[in-house]
Amino acid sequence: MDVQDSPRKSYWRCSKQDFFPEPSFKDLSSYRTALFQICPRLKDRLLSRSTETHELVTLRRESENPMQKCLTWWDLMWMSFGSVVGSGIFVITGQEARDNAGPAIVLSYALSGFSALLSVFCYTEFAVEIPAAGGSFSYLRVELGDFIAYLAAGNILLEAVIGAAGLGRSWSSYFASMINSKNPDFLRIKIDSFADGFNLLDPLAVVVLLVANSIAMSGTKRTSFLNWIASIATAFIIAFIIVVGFIHFKSSNLVPYFPKGAEGVFVSAAVVYWAYTGFDMVATMAEETKNPSKDIPIGLVGSMSIITVVYCLMALALTGMVKYTEIDPNAAYSVAFAQIGMNWASYLVSICALKGMTTSLMVGSLGQGRYTTQIARSHMIPPWFARVHPKTGTPINATLLTTILSAIVAFFSSLDVLSSVFSICTLLIFMLLAVALLVRRYYVKDVTSKNDSVTFFVSLFTIVGSSIGVTALWNSGVRGWIGYVVASVIWCSGTLGISLLHKHRVPKVWGVPLVPWLPSLSIAMNVFLLGSLDYQAFLRFIICSAVMILYYLMVGVHATYDVAHQNPKETEAEEGR
């Protein structure tokens, strides 16, 4: 039975059956019985794999109404632009050019852009092959199993909440600094009795989040159109910045080009990488794309390639216009324009940054809602959040969940508390997706021979281990070439080992080029970037993951087990149709 053939029910109905329909939660006795079976159920979930048909067909019944296929490559390209190009380029560039990379900040952006593009390649192949709303959650569930997908799902939801809250706080800070540059917190309410980092209440951030998410809930095509208009305006302002920068360009400002050597370039590359995040939200729009096999590669790969070039040109314009030692680390572009007598242009920069954050919030809200919808379809969280509204064609319940949580976090938490957890979630998912792509191409359960399976997994562990080795050498301050050469040779041997194996799957329409080399390189670069984070980020991540695992053991494993094992004949027949 298709989604649209389901009997029409009230969208807003709310009962225990709507939240916990599984037999394990029927009553206290049933739940107690389920808890006693936790070991065999956990083993089943660890070894289970979803299928493409299950993700694309069977799970959509949980939404009761279909999402509307209304997006083209044009929409996806501007969504990616609107999601990625926020305030980061205006804030990070000046800080890193002055403190680390100098004029070579252009190379830092190029390196980070290449790393982001590797992840985009992986996302694109999966989105074309499995155009489901769940994005990376669905891809990992098919290739790495239910439990790994759950950990990714928990991190996705954490990323959604923290990322939106951080953007809301950034919007508030930037708007306040436009009015009162000496005190960006003057619109916030300080509560002295609260702990530091949580004592500046931010009602404006809450309002901004509510407005952006309300637009996203009103309709996908409407949100895409508004994003397109705002992004076009942003593109013109960025073009103006680049043109003016090159008109006032002085080659003498580029000397010395490497003030802190290669180390400064790599340190800055790890920081400016965050200016590229956000494209993963666009991959979740595959279910609403008219022609995924054509629109997604053009929209994702095309937009990220353009964004990388734009970032490099903006960085070059800044360092050519002003000597890197004279760049203001807090308002690089605004002060740069003031130094050449164009004070009025600083307002353009501020408007551009605010527009970028607004579009990032709108597109992010679309992606967050669809992530949550697919997670709820699998019953890892209550299926009430999987419903799609019959009039708007959007997952209002799921979007409300992330909106309310983000608003609460943004109201209390400062930016420095939010940023470190967000960083680990993003990189971990990017790394897992590259691993999943290699698994998809080279390993099929009960099909791949034992010898090939052993070779594949040994080679995969070699790739990850050598990547960790390079990261450990760099973070320990070792700069001699011998250790890096040895680690690189080990990495190459692991990748070569996989490349000699038979490919069990070949993409039907669009695939990542140079497999396994590019996915292997993506793993190495994401591990390296993970190593650039401080121990507090990992401590917070471990605490959050422990809470997620506890929820999974108490709720998620039983709900997904019941769904997987009830009416198996009906499920097989549905997938066959």
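In case you wondered, yes, glycine gets a Cβ from its N, Cα and C as well.
Per TrEMBL, the feature domain 'Cationic amino acid transporter C-terminal' maps to 510-559.
Residues or ranges marked as transmembrane segment in TrEMBL: 70-92 (among others).
The transmembrane segment annotation in TrEMBL covers 104-126 (among others).
Tertiary neighbourhood of the transmembrane segment (228-249): same-chain residues 74-75, 78, 81-82, 85, 310, 313-314, 316-318, 320-321, 333, 336-337, 340, 342, 345, 348-349, 351-352, 355-356, 358-359, selected by CB-CB distance under 8 Å and a gap of 6+ residues from either end. The transmembrane segment annotation in TrEMBL covers 228-249 (among others).
Outside the transmembrane segment (264-286), and at least 6 residues removed from its termini, the chain residues within Cβ reach (under 8 Å) are 71, 76, 79-80, 83-84, 86, 88-89, 92-93, 95-97, 100-102, 104-105, 107-109, 111-113, 115-116, 119-120, 123-124, 126-128, 130-136, 220, 258, 292, 296, 299-300, 303-304, 307-308, 311, 360, 363-364, 366-368, 370-371, 374, 423, 426, 429-430, 474, 528-529, 532. Residues or ranges marked as transmembrane segment in TrEMBL: 264-286 (among others).
For the transmembrane segment (298-319), the residues of the chain that approach it from at least six positions outside its boundaries are 73-81, 84-85, 89, 93-94, 97, 102-103, 105-106, 108-110, 113-114, 116-117, 120-121, 123-124, 127, 238, 241-242, 244-246, 249, 253-254, 272, 275-276, 279, 282-283, 327, 332-333, 336, judged by C-beta separation under 8 angstroms. Residues or ranges marked as transmembrane segment by TrEMBL: 298-319 (among others).
Per TrEMBL, the feature transmembrane segment maps to 331-354 (among others).
Positions annotated as transmembrane segment by TrEMBL: 396-415 (among others).
The transmembrane segment annotation in TrEMBL covers 421-442 (among others).
The transmembrane segment feature in TrEMBL is assigned to 454-475 (among others).
Look at TrEMBL and you will find 481-502 (among others) tagged as transmembrane segment.
According to TrEMBL, the feature transmembrane segment maps to 509-531 (among others).
According to TrEMBL, the transmembrane segment annotation covers 537-561 (among others).
Remark: secondary structure over the domain 'Cationic amino acid transporter C-terminal' (510-559) totals 40 helix, 0 strand, 10 coil, with classes taken from DSSP. Residues 115, 118-119, 121-122, 124-125, 128-129, 270, 273, 293, 296-297, 424, 427-428, 430-431, 434-435, 437-438, 441-442, 463-464, 466-468, 470-472, 474-475, 491, 494-495, 498-499, 503 of the same chain sit 6 or more residues outside the transmembrane segment (509-531) yet have a Cβ under 8 Å from a Cβ within it. Stretch with the most C-beta contacts under 8 angstroms to the transmembrane segment (104-126), considering only 331-354, 396-415, 421-442, 537-561: 421-442. Against the transmembrane segment (421-442), stretch 537-561 has more CB pairs under 8 A than any other of 70-92, 331-354, 396-415, 537-561.
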